[in-house]
Amino acid sequence: MALCLKQVFNKDKTFRPRKKFEPGTQRFELYKKAQASLKSGLDLKAVVQLPPGESINDWIAVHVVDFFNRINLIYGTMSEFCTERSCPIMSGGLKYEYRWQDDSKYKKPTKLSAPQYMCMLMDWIEMLINNEDIFPTRIGVPFPKQFQQVCTKILTRLFRVFVHVYIHHFDSIINMGAEAHVNTCYKHFYYFIREFSLIDHRELEPLVRMKQICHRQG
């Protein structure tokens with residue numbers, strides 16, 4: 001029997017505290033609009049489209065933060081099954097291995113276990129989305145020129161969480177009764193990155209079967 005989603009996706013299991021939008025801000029209003037569309041049962045392809053008159057960078061910023069929260073929650077729930085022993089390499093099956101690189105500790109692509117990679121990833125994204133120079137929250141402060149490039153990197157790495165969870169922990173997802181929820185989150189993510197061409201199509205190859213499901217059901 002499927003568990004209640006509130007039991008499955010326990011906020012205590014998140015890797016990081018949820019990033020929240022400040023009430024009264026434009027981005028908060030956009031977030032509410034996006035959430036209302038999701039809950040209305042609209043086609044996910046329509047839900048991700050830029051609302052008329054809105055800023056594309058604001059729309060992307062809202063979704064990057066929301067996907068970070070959602071995927072953080074999904075992985076936090078799965079993390080008890082993803083250990084140094086079960087997942088000594090951050091991978092997506094035998095064909096795909098993901099190495100970690102950043103501008104501080106790991107200046108060269110470095111092989112990490114999946115739990116280590118996830119921890120580094122969530123720390124890195126949290127640092128970026130809390131950086132006012134990259135994700136400005138004050139009215140009238142423009143986004144930096146490289147904003148969409150940064151978001152592409154964030155979303156590409158978040159996609160790898162889906163890859164690892166689907167390929168290595170799908171049985172756990174099913175056993176927890178969370179398959180429908182994770183699939184919906186993935187489809188929402190997939191349609192968003194396709195709508196704005198935010199991830200190189202080659203990055204999507206590990207989940208080509210899921211891509212086919214999205215096309216069939218979309």
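Just so it is clear, glycine is given a Cβ too, placed from its N, Cα and C backbone atoms.
Record features, source TrEMBL:
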{"type": "BINDING", "residues": "Cys82, Cys87, His164, His169", "note": "Zn(2+) binding site"}
Completion exercise
CB contacts under 8 angstroms to Cys82 (Zn(2+) binding site), restricted to the same chain and 6+ apart in sequence, sorted by sequence, are Tyr75, Ala114, Pro115, Met118, His164, His168, His169
Fill in the blank from the handout: Same-chain neighbours of the Zn(2+) site, Cβ within 8 Å of the mean position of the Cβ atoms of Cys82, Cys87, His164, His169 and not counting those residues, run in sequence order as Met78, Phe81, Ser86, Ala114, Pro115, Val165, His168
